[in-house]
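According to Swiss-Prot, the protein has these features:
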- R17: site 'Transition state stabilizer' (SITE)
- K24: site 'Transition state stabilizer' (SITE)
- R160: site 'Positions MEP for the nucleophilic attack' (SITE)
- K216: site 'Positions MEP for the nucleophilic attack' (SITE)
Amino acid sequence: MTSRLFALIPCAGTGSRSGAPMPKQYRTVAGRDMLHYSLAAFDACSEFAQTLVVIAPDDQHFDARRFGGLRFAVQRCGGASRQASVLNGLHALAGFGAHDDDWVLVHDAARPGITPALIRALVGALKDDAVGGIMALPVADTLKRVAPGTDNRIDHTEPRDGLWQAQTPQMFRIGMLRDAILRAQSDGHDLTDEASAIEWSGHAPRLVQGSLRNFKVTYPEDFDLAEAILGRGAAG
């Protein structure tokens, strides 16, 4: 049986660092909710069986009418952490016919610069891979390590050779990712991305070149950059 493709977008976070009065995935960027751009990118990839959005059980901001015409499903099964939300989402995918050998692409709603071309590039690079992998960018900036207990004084410069900045989507087999997260949880680890769980299980995910436009909107000033990128795309 040919493995199918599913997308999972965890949206249960509060986005506290963004300085917004609401979760950042619902803030307006270039005329649309930030979440819209991720949903639209996966909707444009007809090869996906389903896109599942995981929101908090008490989410008062999500309104499906704001994403009319896009193909996706919603589950109010978000957990206390990203890892918990992703795990709950993986379990929920079974209700949409997903099997352990199917692929899931986990994507941050706070990366509205994702495009169908980037998604397809990731799938094309990994569809025959034994482990899976993630979208990422080689580190271009010089990295400084801060000395502990100082007022942000440099301790030393970190060599950047071989360092990559993780992005999303992160693409793994549903069963492998679920079991890896469960193993990390049982060992007391709350990991910040899916690749970390796979690594914890002893596997080596592959890195696939991403794009600067696929950056994560985190701080208040990031919204202006996202507005410029996405607004330019709409104008074109």
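All residue numbers here begin at 1 and follow the chain in the order shown.
Each Cβ is built from the backbone N, Cα and C atoms, and glycine gets one as well.
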Reduced DSSP assignment, K24 (site 'Transition state stabilizer')
helix
Using Cα coordinates, what distance in whole Å links R160 (site 'Positions MEP for the nucleophilic attack') and K24 (site 'Transition state stabilizer')?
31
Identify which of the recorded sites K24, R160, K216 has its Cβ surrounded by the largest number of other Cβ atoms within 10 Å, counting every protein chain shown.
K24
Using C-alpha atoms only, work out the spacing between K24 (site 'Transition state stabilizer') and K216 (site 'Positions MEP for the nucleophilic attack') and round it to an integer in Å.
11
Which of the three DSSP-derived classes (helix, strand, coil) applies to R160 (site 'Positions MEP for the nucleophilic attack')?
coil
Three-state secondary structure, K216 (site 'Positions MEP for the nucleophilic attack') (per DSSP):
coil
